[in-house]
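Here's the structure, in structure tokens; my notes come after.
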Amino acid sequence: MRRLLRGAHIIDPATGFDAVADLAIAGGRILARGQIPGDFMAEEVLDGSGLVACPGLVEMALQAHTPGHGRDGDLASELRAAVAGGVVHVALSPDTDPCADTAGVIHQQRAMAAALGLAKVYPTGALTRQLAGEALSEMATLQEAGAVAFSQGGRAVSNGALLRLALAYAADFALPVLLHSEDALLAADGVMHEGALSVRLGLAGRTAIAEQVGVMRDLAIAQLVDCPVHLRHLSTMAALDAVQAARRRGQQLTADVSVHHLLLTEQDVGLFNTRAKVLPPLRPGGERGALRQALAQGQIDVISSDHCPWGVDRMGQTFAQAPFGIAAVELLLPLTLRLVDEGVVDLATAIGLLTTGPARALGLPTPSLAPGAPADLCIFAADQYFVVDPRQLVSRGKNLPYGQWELRGKVRYTLVDGHLVYRA
Amino acid sequence: MRKALHFGDAGTQHGADGRLRHLLSMEGLRDREILHILDTAESFLEIGQRVIKKTPTLRGRTIVNLFFENSTRTRSTFELAAKRLSADVLNIAVSTSSQSKGESLLDTVDNLRAMHVDGFVIRHPEAGAAHQVARHVGGEALVINAGDGQHAHPTQALLDVFTIRHYRGPMENLVVAIVGDVLHSRVARSQIYALSILGCPEIRVIGPRTLVPAELSALGVHVYHDLDAGLQGADVVCALRLQRERMEAHRLPSLDEYHRRFGLTSQRLEKAAPGALVLHPGPINRGVEIASELADGPQSVILAQVTHGLAVRMAVLTLLAGALGGEEE
């Protein structure tokens, strides 16, 4: 369908375009921006006044629980949630059940995604068999099946010798490798950040140095075998320092931070609030400040929602039993705009962190609104505030600590290859 | 230094009217609330000495003891407390292994709610379990935390401060030392909050760094890693039970070495103030955290704690039941 988006504020980080303009869409691609050809006949005109249009967002880690057991959010429910949040490109975490260490799982995910026709789905293959960190996965087979990257999901490889071999083997495929870097023995069974608050609540703490040691080790191994890596959801100042040191050494790497660690602190755990149980754990305000500073200084490539939708029957569990994870892909943009409101980054930078940044880290084509590019768009009401009601979110996961938050940036239209897949 | 005490407890324990409706932790309680419980317990202590030990206070009420973890002292004193108040008592011991295969904590609670019970006394191996149940039942039933993981054991702390007050008067002039595995102890956490709220000017925690980490100072206590230094001039010494799991988790090299460094003996106690009171929440490991001669000696009030525990639990049940809705006779 030929569509004309009239009068939206277009922000396109890839080309630096940042102005109110018209956008013509035809044949699933951007036909023209600004000067619309006189003979362009739109079948539908979308009124963009008061709206911002940017490339469809990229979520680099969405746990779809497909394959899975059906009690939690699945690919169908969570892709609906993603497009409701303007997320067009979705990389799936390999920690499904069974995990994505076989071609069958990758095929299944791609086939389901194709049948759904919502967001564009990019499976990531397990870096190690069963994500157990004990044996290499069949990476060539996974790549052939369509994996765009190798990942360990939320699990660290505790055996350094095996990680060395896995990274060396992965380097042959020129696919990104996403690592959850943490010293598993130091992290032990901690369920929240280790500090005064965990001591007060009597909960097992997860020391910040588990991340620091994990990041330092993983970076050293990656350098040794000359494999570029992406470090997932960093949460501590010490880890950021290690990343900067590696960059100064000339090491190729990218890194992301979850929006939760940029907005929340360990205090949000309150009195055993399982909705704030996430991996890595929410940290003290000082660490959050360091993450924000690193973001402002351009040291972070990606903001992720680390979307993890758990079924409501998990809510009856105690804090220690409850699984890690927050479901917030629908709110990725509004939550990121909170960072804009708080002066951490400007709007164009924020959009870059949700589009070009993750695309580069995942090795995907650069999302753009330049003529000729696929018409993947996120069109949102940047100035319209709303109050978060988890029950009204599309995602089946209601495990998020943002109930009653007042945010702005509700998505109005999401287009994938020119198709309107979501309209508010 | 006491800043950590003011995190607040989000009102879970108090109803909209500000009345205490659940007892989940010492944290968040006001000093007058604790004193009211202790004063009420004094009157129940007297009842325990009568031939006829029953009062009709909770007649017609049903209290469920829901224990997901073994307990002898706490469960039996709660049961006896409820019975002496003329309540009907239902004792349910759930093995957590069978629970993990079956229904969730809240489903178990919902089934009991469907039987219209008035109160839950809950012990659970995981921190926050009682809070979760209290949030779930709201004002419909009272919830008493009888120990949740390593978080809190408020009635134990109440009976401890009751015992201290019974023998030594108000906390305002006392130095209290807590010795042992403070990190993993729900008893110690609750004691620290109870003592602080009641104005105890100096609370010390004593133990090796693997069991008494520096973060504890955020609770407003003085941290000692040397028993003799920590006991110096203490008026009250609270021993904690040492779990054998701590050895398996490599926090200690051996029980013998622990006893040599931190075991309470009559001789070590000489550093404390003359006639210092010795408490222990039980069950005691003789020859590990405390020597028999001290546990059975004149300074020990360990068995008095049990007697007081009964009175304190009667007081808590009475006061919380008073805040419940429903018609009274």
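Heads up, the Cβ atoms here are built off N, Cα and C, so glycines get one too.
The carbamoyl phosphate site recorded in TrEMBL comprises B:ARG73, B:THR74, B:HIS153, B:GLN156, B:GLY282, B:PRO283 together with one of B:ARG50, B:ARG123, B:ARG260, B:ARG261, namely B:ARG123. When the record's carbamoyl phosphate-binding residues B:ARG73, B:THR74, B:ARG123, B:HIS153, B:GLN156, B:GLY282, B:PRO283 are compared pairwise by CA position, the greatest distance found is 16 Å.
When DSSP labels each residue, the domain 'Aspartate/ornithine carbamoyltransferase Asp/Orn-binding' (B:173-319) comes out as 62 helix, 24 strand, 61 coil, counted as helix, strand and coil in that order.
Other residues of the chain with a Cβ within 8 Å of the Cβ centroid of B:ARG73, B:THR74, B:ARG123, B:HIS153, B:GLN156, B:GLY282, B:PRO283, the carbamoyl phosphate site, are B:SER71, B:THR72, B:ALA146, B:GLY147, B:VAL187, B:PRO281. DSSP classifies B:HIS153 (carbamoyl phosphate binding site) as coil under the three-state reduction. Here the C-alpha separation of B:ARG123 (carbamoyl phosphate binding site) and B:ARG186 (L-aspartate binding site) works out to 12 Å. Other Cβ atoms within 10 Å of the Cβ of B:ARG73 (carbamoyl phosphate binding site), summed over all protein chains shown, number 15. Its Cβ placed at the centre, B:GLY282 (carbamoyl phosphate binding site) has 18 other Cβ atoms within 10 Å. Counting only residues at least six positions away in the same chain, the Cβ atoms of B:GLY147, B:ASP148, B:GLY149, B:GLN150, B:HIS151, B:ALA152, B:HIS153, B:GLN156 sit under 8 Å from the Cβ of B:ARG186 (L-aspartate binding site). Within the model, the domain 'Aspartate/ornithine carbamoyltransferase carbamoyl-P binding' (B:21-165) carries an average pLDDT of 93. Within the same chain, residues at least 6 positions away in sequence whose Cβ sits under 8 Å from that of B:PRO283 (carbamoyl phosphate binding site) are B:THR72, B:ARG73, B:ARG241.
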